[in-house]
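Comments concern the structure below.
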């Protein structure tokens, strides 16, 4: 993974350098625009002075005025060519710039640990990933098109005005200095309020996505008014912070407007006085007036963009927090791909806790032989799912080591580790894509025949053939168009297609009816063959095909044996067996 800069400005510069030619050309064209903007009033001055010196009715007036007229026409023509060329280059440069940022941030966000996504709203993360490239584009565009161009135009214009009359040069530079100084004084206030407002927008978006994602619960409990009321507090927070951010800008504009009005009074008073005393020509009057209005427009536009860019920087900084959050689980610098030939798993004196002084596993050692089918049993919260998550390295352990075929999983790449493990969760994760794409997700280069075969083994074809679009049916967000049993069958088909040497199933048949479960038993038995398999069991009747049972209680493996052996032992497993209600374990110890 490419290491990204940890400050916003270095981050933006990093992506600008990747397209140095395109943005170099855009800067060059804006430099030409600034030069043209500054020299245009000078040619108007020459034209006015020459017109003033001519008498009406002379022959060939265009010949007499050819130099200023041709100069003005040439400036206009060259500027048009420059600006249109810039537009064509920008047409390709900006989308690529946004894409590069979006991809890099998305890849970095994917690198966060499982716990990061459990603690952050998906909607808020998505909003930040979308906002960062847009805000970065606005920042760069404003710097090049406004700040750089205005600064260059101002410097050249100031040099021209000083050349014509020093007094007006001093008046002009004094106004700009006070104007910019006043703006800079307000920057901190504007930036702070803008960043706070941007964060409130991300939070609001996250809450909206969360509410829409739980629409089934909203309907079942008739909580439409409650959801509106619940979102209302976040909307009011966004409105309050928006007003605060906007008022900071308007307060600044009031002072800048008064300053500009005062400048124009002083400027025109000096011009009229100078013209009346004959040390300001009509051409000078025209040049200074045009330059003053041009620069006033540019400086006001630049000042607006300062407050605008501060808001965008606030948005970008809020989104940039994605990159400021370090990855809690990282590959070792010398990490190698995991090579699994057998599938043996060893927990060697493993200690793990979610919170300090609250260990889930304490110096635990257990070995799962290659090809063994192992059931994991216990009350909810006893450590079964955590055990599986540690094998997947969703969390880093705090002591000991976990080995797969003699390789410490902390020393191999996370990608290669998870490539060797097929996981069927209790609540399958499906994408809002076609059934075919969701099944093929297990092996992206699998031919169609293999996908269809996996679907058949998982008994998916039984319901897919009745759908109008068959395998091309869109399943809806998180598979909402499918029943729970259908989603689990898709997840099973995906695991069959992946054909990994290690399989973890979190009660993969819990949402299936008895008839469907019997139909796919052959497929499941085929799936369990010749691979190391771990089955987290909530329904103990599913353990009959297991070679071995691990019984969990408060983070410890307290019993280990076969189903019949543990029943004869009349220990904790036997107690669980007799406590089953309707084939399922109760949620907690009774």
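Including glycine, each Cβ sits where the backbone N, Cα and C put it.
Nobody curates TrEMBL annotations by hand; they come from automatic prediction.
Here the structure is a predicted model, which means the values were calculated and not measured.
Per TrEMBL, the range carrying the annotation transmembrane segment out of 100-121, 166-187 is 166-187. TrEMBL tags one of the stretches 205-224, 225-244, 285-304 as transmembrane segment, and that stretch is 285-304. Between the transmembrane segment (166-187) and the transmembrane segment (21-42), the number of CB pairs under 8 angstroms, six or more residues apart, is fewer than three, so the stretches are not in contact. Sequence-distant neighbours of the transmembrane segment (21-42) (same chain, 6+ residues past either end, Cβ-Cβ under 8 Å): 72, 75, 78-79, 82-83, 85-86, 89-90, 92-93, 96, 140, 144-145, 148-150, 152-153, 156-157, 160, 286-287, 290-291, 294, 298.
Residues 167-168, 171-172, 175, 178-179, 182-183, 280, 285, 288-289, 292, 296, 300, 303 of the same chain, all 6+ positions outside the transmembrane segment (253-273), place their C-beta atoms under 8 angstroms from a C-beta of that stretch.
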